[in-house]
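Colleague: Sharing a structure here in structure tokens format.
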Amino acid sequence: MKVSAVLLCLLLTATLCSIQVLAQPASIPTICCFNMSKKKISIQRLQSYRKITSSKCPQKAVIFNTKQNKKICVDPQEKWVQNAMEYLNQKSQTLKS
């Protein structure tokens with residue numbers, strides 16, 4: 001009787017754990033921007049960027065990675081941000097060819 005009760009408890013625990021894992025959406029972003037930098041960053045300092053467009057985040061953003069390995073959130077609507085992304089895209093295309 002005790003063995004079957006222990007087995008039942010283990011089975012229920014395993015079921016609850018698997019339900020929690022399945023309930024987690026796979027597309028939860030690992031990073032969101034809550035504050036945007038207002039300061040223009042020199043293109044020479046930038047290494048790469050990442051667009052944050054998930055509806056799970058409070059706002060759309062671009063995260064620039066600098067050569068000093070800093071991450072800076074900026075507004076993707078800013079003209080200088082769009083120019084910097086274009087520059088980095090062209091730079092990465094030249095490196096690939």
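Placed from the backbone N, Cα and C atoms, the Cβ positions cover glycine too.
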Colleague: Can you tell which of CYS9, CYS17, CYS32 Swiss-Prot lists as bonded to CYS57 through a disulfide?
Modeller: CYS32
Colleague: Where the distance is taken from Cα to Cα, which of the recorded positions CYS33, CYS73, THR94 turns out closest to CYS57 (disulfide bond)?
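Modeller: Ranked by Cα distance from CYS57 (disulfide bond), first place goes to CYS33.
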Colleague: Would you kindly give the Cα-Cα distance separating CYS33 (disulfide bond) and THR94 (O-linked glycosylation site), rounded to the nearest Å?
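Modeller: CYS33 (disulfide bond) has its Cα 30 Å from the Cα of THR94 (O-linked glycosylation site).
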Colleague: If one measures from the C-alpha of CYS32 (disulfide bond) to the C-alpha of CYS73 (disulfide bond), what distance in angstrom results, rounded to a whole number?
Modeller: 9
